[in-house]
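**Student:** According to TrEMBL, the protein has these features:
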- 594-646: compositional bias 'Acidic residues' (COMPBIAS)
- 109-270: domain 'Lipase maturation factor 1/2 N-terminal' (DOMAIN)
- 387-529: domain 'Lipase maturation factor 1/2 C-terminal' (DOMAIN)
- 571-646: region 'Disordered' (REGION)
- 62-81: transmembrane segment (TRANSMEM)
- 88-109: transmembrane segment (TRANSMEM)
- 115-132: transmembrane segment (TRANSMEM)
- 144-163: transmembrane segment (TRANSMEM)
- 201-221: transmembrane segment (TRANSMEM)
- 233-252: transmembrane segment (TRANSMEM)
- 303-328: transmembrane segment (TRANSMEM)
- 340-363: transmembrane segment (TRANSMEM)
Amino acid sequence: MAVIYLTAFVSLYVQIPGLYGNEGLLPARWQLRYSGKPLGEQLLSSPTLLWLGPRLGLDTHTAMELLCLVGAALSLAATLVEALRDSVVFFCLWALYLSMYKVGQVFLYFQWDNLLLETGFLCILVAPLTLIRGSRGVREHDRVTFWLIRWLLFRLMFASGVVKLTSRCPTWWGLTALTYHYETQCIPTPLAWFAHQFPVWWQKLSVMGTYIIEIAVPLLFFSPLRRLRLGSFYLQVLLQVLIILTGNYNFFNLLTLTLCLSLLDDQHVRFWLRKADNINSKLWSWLCASFTYHQFNQFLKTVTIPCIWIGVLSLTWEIVTSMFRFACVSGFLRRFCGTVQWTLFAAATAAMFTVSLVPFTYIEFDSHGRLWPGVRRAYEVTDRFQLVNSYGLFRRMTGVGGRPEVVIEGSNDGVSWTEIEFMYKPGNLSAPPPLVTPHQPRLDWQMWFAALGTHTQAPWFTSLIYRLLQGKRDVIELIQTDVSQYPFHQQPPAFLRAHRYRYWFTEPKADGSYPERWWRRVYDEEFYPTVHLGNAFLENMLNQYGLKDKSPVRRMSNTTVAQAVRWVHKTVSSQSDHVPDGASDLCGKSDEQQAAEEEEGEDDEDEGEEEGEDDEDEVDEGEAEEKETVGDDEQDEEQEEEEIKR
């Protein structure tokens with residue numbers, strides 16, 4: 001978990017300026033409204049440590065970078081030092097990532113972000129209190145809290161399998177989903193091209209295997225028979241490894257593999273360490289029966305409540321057995337302290353299990369309606385902390401008629417157009433699919449979602465067009481970290497437009513040799529009309545979605561903390577900056593000239609405003625005004641969020 005936190009923080013850190021900076025796609029300062037309320041009330045309404053930024057003399061952008069750096073340093077320390085894999089440390093990591101999530105908007109609304117937060121919170125209960133107790137010894141209640149990890153894995157895998165069938169997607173029901181999946185997933189790997197070439201009968205057999213591993217096998221997670229639990233573990237690992245080989249899903253599959261460790265016991269781990277070279281393989285055979293949607297829906301109604309009772313019985317067994325272990329502890333004081341610990345952790349585990357029933361029963365409407373109203377109210381109270389979440393991956397197979405892909409084109413004269421190529425998502429037909437796991441290029445991912453609908457369902461796309469026309473370097477580095485590879489690195493384009501294409505993997509030649517290109521494509525339709533700075537359509541879209549910031553940019557703070565954060569960012573950026581020395585920036589001005597002009601402009605804006613303001617008001621200038629959330633149209637927001645969840 002420490003390693004996964006490290007990759008998540010580092011991956012997000014390098015993208016903060018382009019995504020959430022003052023000149024980024026969705027500036028994070030728009031999400032925080034400083035209304036003069038007490039700090040405790042602000043943290044309760046929106047639990048994020050970014051509220052502390054003004055007290056440190058930091059703007060929201062710099063505060064986000066600071067939190068990411070602290071999270072990365074803390075997770076690195078926990079990775080290297082065993083004593084720091086502690087409940088207190090994991091609480092800090094969870095709070096730091098939750099702080100980023102609360103202002104991350106659409107670029108952080110992914111299921112694996114929710115899964116990381118939920119797993120991270122469980123780590124607080126599971127990890128030892130080394131820094132306080134001074135010992136990493138096994139506690140008698142460890143089996144109780146560790147059970148929650150297994151329950152989370154069950155909810156994740158079982159729901160992921162069920163939603164494929166409850167969605168009524170014809171490709172999942174027809175067992176043809178994997179004939180499309182490898183080429184239509186967000187960012188495929190090179191091996192995905194080869195997996196796509198497998199015969200149809202193999203793809204159908206793979207879909208059947210997926211159903212078995214995701215729906216049937218999770219029921220074995222709570223089996224009292226050790227061999228069944230171990231068998232389910234290896235099947236889950238097999239599925240996750242195959243997904244890692246054929247798709248770039250950042251840290252998600254690594255996190256799922258970590259959850260799978262809850263199916264093991266110490267005896268089997270020792271077997272790994274001692275008998276690593278003598279692992280025998282087994283041949284699994286499965287009998288599959290055909291069924292209809294209504295039959296499956298009836299099956300789901302039949303098993304959902306029993307699944308809950310299986311969880312209740314399994315958790316009760318762990319609680320009772322741990323209680324008896326405490327009763328066998330010698331010494332009254334030790335027994336008393338152990339009983340208090342057992343009571344607290346058992347209550348916390350039972351509460352987490354109870355609240356998790358709300359998102360778990362989303363898979364079946366009638367079962368969800370039978371929950372006690374008090375449970376739903378408890379879920380609503382804790383929902384802001386992302387303690388438990390609903391899951392369900394690959395609900396519907398997209399791109400059945402060809403993978404939709406948005407291609408942005410720029411021009412200086414409106415006649416000759418040049419395609420803007422992204423580093424990771426498909427564009428260039430000859431470019432091989434990349435390997436980027438565990439990094440998640442969040443703009444590339446959202447470009448994939450945007451292609452599934454219209455640009456009005458992705459308001460941030462208008463902001464992307466606007467920033468590219470302005471030549472904002474931070475945004476351009478989301479597209480190409482090596483700015484010299486960006487076709488308009490010398491001067492921003494005067495015009496931009498976007499078209500939607502349909503992409504497919506190429507096929508081997510008749511003689512069995514590999515083709516020269518990885519992709520083929522056909523033109524579909526216009527996605528975004530031709531615009532330029534000052535264009536009436538562009539201005540209307542910016543105003544409609546509240547993307548044109550009218551509040552003044554706050555004066556850059558010169559506190560020690562702010563200077564340290566900027567120095568780290570400058571150092572990291574210089575490592576990947578390949579622009580020749582002396583080259584002008586995208587607006588035709590050097591960095592020094594631009595910084596000087598910005599400072600001069602800020603001085604003019606601040607003139608006459610400093611009088612009567614305290615230190616905190618000066619820091620909060622520019623964030624005091626309420627900013628409407630991107631996408632005022634609630635219907636579009638709901639459609640976009642639902643698409644992301646799918």
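The backbone N, Cα and C atoms fix where each Cβ goes, glycine too.
Keep in mind that what you see is a predicted model, and the values were worked out from it rather than measured.
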**Student:** DSSP-wise, what's the residue breakdown of the domain 'Lipase maturation factor 1/2 C-terminal' (387-529) into helix, strand and coil?
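**Tutor:** Split by secondary structure, the domain 'Lipase maturation factor 1/2 C-terminal' (387-529) comes out as 33 helix, 34 strand, 76 coil.
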**Student:** So what's near the transmembrane segment (233-252) in sequence-distant terms, Cβ-Cβ under 8 Å and 6+ beyond its ends?
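**Tutor:** Long-range Cβ neighbours of the transmembrane segment (233-252): 4, 7-8, 11, 111-112, 115-116, 153, 157, 182, 185-189, 191-192, 195, 210, 212-214, 217, 260, 263-264, 284, 424, 434-440.
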**Student:** With Cβ-Cβ distances below 8 Å as the criterion, list the same-chain residues six or more beyond the ends of the transmembrane segment (340-363) that contact it, or say none.
**Tutor:** 122, 125, 139-141, 144-145, 147-148, 151-152, 155, 158-159, 162-163, 166, 300, 304, 308, 311-312, 315, 319, 322-323, 326, 371, 375-376, 378-379, 382, 387-392
